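These notes are about the structure you will find just below.
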Amino acid sequence: MPRFIYFSLQVNTLNKELQSEFIEVMNEIWASDQIRSAVLISSKPGCFVAGADINMLAACKTPQEAAQVSQEGQKMFEKLEKSTKPIVAAISGSCLGGGLELAISCQYRIAIKDRKTVLGVPEVLLGILPGAGGTQRLPKMVGVPAAFDMMLTGRSIRADRAKKMGLVDQLVEPLGPGLKPPEERTIEYLEEVAVSFAKGLADKKISSKRNKGLMEKLTSYAMTIPFVRQQIYKKVEEQVQKQTKGLYPAPLKIIDKFGELAMTKESKALMGLYHGQVLCKKNKFGAPQKEVKQLAILGAGLMGAGIAQVSVDKGLNTILKDATLAGLGRGQQQVFKGLNDKVKKKALTSFERDSIFSNLTGQLDYQNFEKADMVIEAVFEDLSLKHKVLKEVEAVIPDHCVFASNTSALPINEIAAVSKRPEKVIGMHYFSPVDKMQLLEIITTQKTSKDTTASAVAVGLKQGKVIVVVKDGPGFYTTRCLAPMMSEVIRILQEGVGPKKLDSLTTSFGFPVGAATLADEVGVDVAKHVAEDLGKAFGERFGGGSLELLQQMVAKGFLGRKSGKGFYIYQEGSKDKNLNSDMDSILAGLKLPARPEVSSDEDIQYRLVTRFVNEAVMCLQEGILATPAEGDIGAVFGLGFPPCLGGPFRFVDLYGAQKVVDRLRKYEAAYGKQFTPCQLLIDHANSPGKKFYP
Amino acid sequence: MTSILTYTFKSLPSTSKWALRFSLRPLSCSSQLWAAPAVQTKSKKTLAKPNIRNIVVVDGVRIPFLLSGTSYKDLMPHDLARAALSGLLHRTNVPKEVVDYIIFGTVVQEVKTSNVAREAALGAGFSDKTPAHTVTMACISANQAMTTGVGLIASGQCDVIVAGGVELMSDVPIRHSRKMRKMMLDLNKAKTLGQRLSLISKFRLNFLSPELPAVAEFSTNETMGHSADRLAAAFAVSRLEQDEYALRSHTLAKKAQDEGLLSDVVPFKVPGKDTVTKDSGIRPSSLEQMAKLKPAFIKPYGTVTAANSSFLTDGASAMLIMAEEKALAMGYKPKAYLRDFVYVSQDPKDQLLLGPTYATPKVLEKAGLTMNDIDVFEFHEAFSGQILANFKAMDSDWFTQNYMGRKTKVGSLPLEKFNNWGGSLSLGHPFGATGCRLVMAAANRLRKEGGQYSLVAACAAGGQGHAMIVEAYPK
């Protein structure tokens, strides 16, 4: 007599206990002649299996141990794949990594078609690779090109796309309210549908084989020819090398081994970032007394409109105020375009776009500001202007309303100096483009109340940001770390290294954007502004390159991308960028002699990185930063510090504090104070057991 | 964390599980499905309100509702509306000049006759001095036409109103693509040969792909059948329950047709074709036959099929509404009063078809009635699954508390009083015309069955709904 068996995975990461219990249950299924098919489903809505337990891998001490973990998984899935009794995976929520490998080992997959249900093998983002047979099964299932794309980029695939690719066999639409909460009933419905398919499969009324298209048949045939296979692997390897510049070990070893990978520095760095990110997605200040329901943004420029977009997106009622109709119109168009681009990518429907856009109110006056719970100003970076709007706004907002300033360098306490209620003033430093950059740096002054901070963090989290909370000071944390590095960039350019060469040196070190390009992107005028301000605040330590370079560029209108010219020339519609030849004379005029002892490619890279790292550690030493984890997240997510290094603090831990100090001393000998290692770094170098991360 | 994985055996043998379901269902539901109507006496005498004019239905008619693509397929919508209007004139003998205003509901508009009410009125020989307008509110368009008329009478603006509705699904406007339309419009404006040639040179073959009228909800892009299937699943309405309900609708409609109870139907001599006298969609089948059909929307495992959904229908209806004193002065014996009514709306995605659930308690409260006071229920049947989901929603404390903000459930509907002469599933559903059919069925059933109050309710695209109390006119 046929029977059904149900699993409910209650904690949805694969770990050792789960593995052994799973095997036990499966053996029971296979042994019983009462059971003809089975359904594998999670009882937790929103999560099928989110992958192998990262802690389990992190706990591995040797490559052998890690490899064993992987092999056990492989064995388990192999048995599953060979099961003569059909097993149906019913997927609701994230089905990632080991979860997807589990699902594709089953005979049939049914997934909920909602935004929460995503399938993917994100291992590569942690510097490892699908370790339980995914590398073999995925290509068979979706074809080699799609499989490599998934494994090499780690991208998550939504259920409807997965159906088209052949990764899942059936979709189930989520249900609305009925006799119980929608999520609960949807899971139940998924189970009902899965059971009917399991029965159909056992009765051979449904076939688990899908019809492959001609292209698929051809490619799978071609892959059986060794020569073709080698050529494809070669091509893939080239692609990977090009994209990762050889810095990320995992992609290439996907064609190779697992055990070694889990033990690499890069993998440790990436796993560290993963943990840091989880940490920075929590509000450690607790729930604010009053939830922000009405937001107002001053200034509809690039930043203001960007902040508006990520707010209305999440259902926050948002007022966008600007001084001029033209400025406001530009900002509204930016928000609309941002949303409309999502419609084009099918991430939103046009109706959803319209209803999201209706959360935005554009205006030129302070109407309805008396209902605002938070005001974020994003006006031009000028202290007197910021003072002016702060006073204007305080005259109209209610008592509980938080005033947040989006500034990249102006100290918040100086802005708050004219406030009647400095406890309600806080800094919220967004990064451009706001809808793409995940980081939000929140800056608290000594007077900022805890509730104000909680409120700002809550809004940031709602906007989908990864948040670091830092103390006030010139340049806060992010800008302050970037400034000395940018100063070094200028010196290197003055010493005769061309922008293209400099870009390639930085990207090959792991920075996603080259140093010269970065200056163009940020805006040369902004860089100059920051360099002047921070130069005043920190003096000689922030010296290096000559400020005059930036001043001359600004004078000539070479402001970077926004003015069409900077170190490079930017043309609308053209992706190629050529060097701006007018820079030659400026650079020639400010030329410095290069010092051969510290001018090798490697030295140039380390001169940039060590100044960055030294400043970051100093921020921790001075208490600007509360934790090293926040420092790493801020550097990687906000400034593009090489993710494979895990952030400045992880870098010190993995590279060795002593070696960092040695480097700094070497450059100090050539250039002086700018490279003097800070005390905390020296402390770490002196006691080798001391780590930022235990 | 000790035990990460827990598992349970639900070791019900599947055969017995299914058998259980099959055997239980008829017991729990079918016995009710066929019970004879009961006649009750009311505590409340009438719903008349002081200082508000009583509004009555003198009579109403409809041309037979036909499956789309059959006898009406060569006509235009206003032809159907004209036939209904002529039938009304014939039935009531109302002098054309006393009609103050004409209102029609329609959904898929023929662009040539976008104010179909006016074109039909002129063509039916009504006075050209009688203004007419057209309203649209998806499946409750005719209801909107009636209640607009009620408003005009109640506010003293009019005394005599003709309200109706029409839909011709045999022909729908299929447009050129936007690109093609743009080019054609630009060509109109082009002055020189050069301009014209340069415009024509931009022509691409894909400009010719036509634009079909939307079959899906604009806001969600989901077809109604798909939404109904999800709704049925959300309320755990089984395929068998749906088929049983559809069979009931067809069986009752057939019975009503055979017994001559569908007295609102007037014959229509279709030009060039035979006279149509009967609704054509009534086809009682068997559960076995119905079980063979494949799901129509959620394939392959959905539960909504062609057999348990309303079908595409052509048809038109019209009724004469008057202030009571006017009707009496003209010597009419009205059929019913039109009393309190409500419109509701809710989430067009997950609650698209739950309008009746929201509207029912609201209109009952407004009229000061309870479910027990209602003798006749006439609900629009878009899908079996939709009707049964509404039943379950109204009978669920969880749903009413969490989604309707009410303390207690609305209650269960007595099936023996429900759509006893068939419904949209069997009689057909010409979108714009169904509302008048519902009210006339309610009025005629009240007279026939001797009841006093009827509740009419319907759902509509856009997540909207409507309900109205119809009170029998004392004999």
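Heads up, the Cβ atoms here are built off N, Cα and C, so glycines get one too.
What TrEMBL records for A:E101, A:E123 is site 'Important for long-chain enoyl-CoA hydratase activity'. For A:295-472, the entry in TrEMBL reads domain '3-hydroxyacyl-CoA dehydrogenase NAD binding'. According to TrEMBL, the site 'Important for hydroxyacyl-coenzyme A dehydrogenase activity' annotation covers A:H429. Under the heading active site, for hydroxyacyl-coenzyme A dehydrogenase activity, TrEMBL lists A:E441. For A:475-570, A:607-683, the entry in TrEMBL reads domain '3-hydroxyacyl-CoA dehydrogenase C-terminal'.
Positions of TrEMBL features highlighted on the structure.
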residue: A:E101; record: site 'Important for long-chain enoyl-CoA hydratase activity'; DSSP class: helix
residue: A:E123; record: site 'Important for long-chain enoyl-CoA hydratase activity'; DSSP class: helix
residue: A:H429; record: site 'Important for hydroxyacyl-coenzyme A dehydrogenase activity'; DSSP class: strand
residue: A:E441; record: active site, for hydroxyacyl-coenzyme A dehydrogenase activity; DSSP class: strand
Inset, instruction - State the Cα to Cα distance, in Å, between A:E101 (site 'Important for long-chain enoyl-CoA hydratase activity') and A:E123 (site 'Important for long-chain enoyl-CoA hydratase activity'), rounded to an integer. - result: 11
Legend entry - Taken over the domain '3-hydroxyacyl-CoA dehydrogenase C-terminal' (A:475-570), the model's mean pLDDT: 90
Legend entry - Residues near A:E441 (active site, for hydroxyacyl-coenzyme A dehydrogenase activity) in space but at least six apart in sequence (CB under 8 A): A:G427, A:M428, A:H429, A:F431, A:I467, A:V468, A:V470, A:F476, A:Y477, A:T478, A:G634, A:G638
Inset, instruction - For A:H429 (site 'Important for hydroxyacyl-coenzyme A dehydrogenase activity'), just count the other CB atoms lying within 10 A of its CB, please. - result: 25
Inset, instruction - Across all the protein chains here, work out how many other Cβ atoms are within 10 Å of the Cβ of A:E101 (site 'Important for long-chain enoyl-CoA hydratase activity'). - result: 30
Inset, instruction - Take the domain '3-hydroxyacyl-CoA dehydrogenase C-terminal' (A:607-683) and count its residues per DSSP category (helix H/G/I, strand E/B, coil), listing them in that order. - result: 61 helix, 0 strand, 16 coil
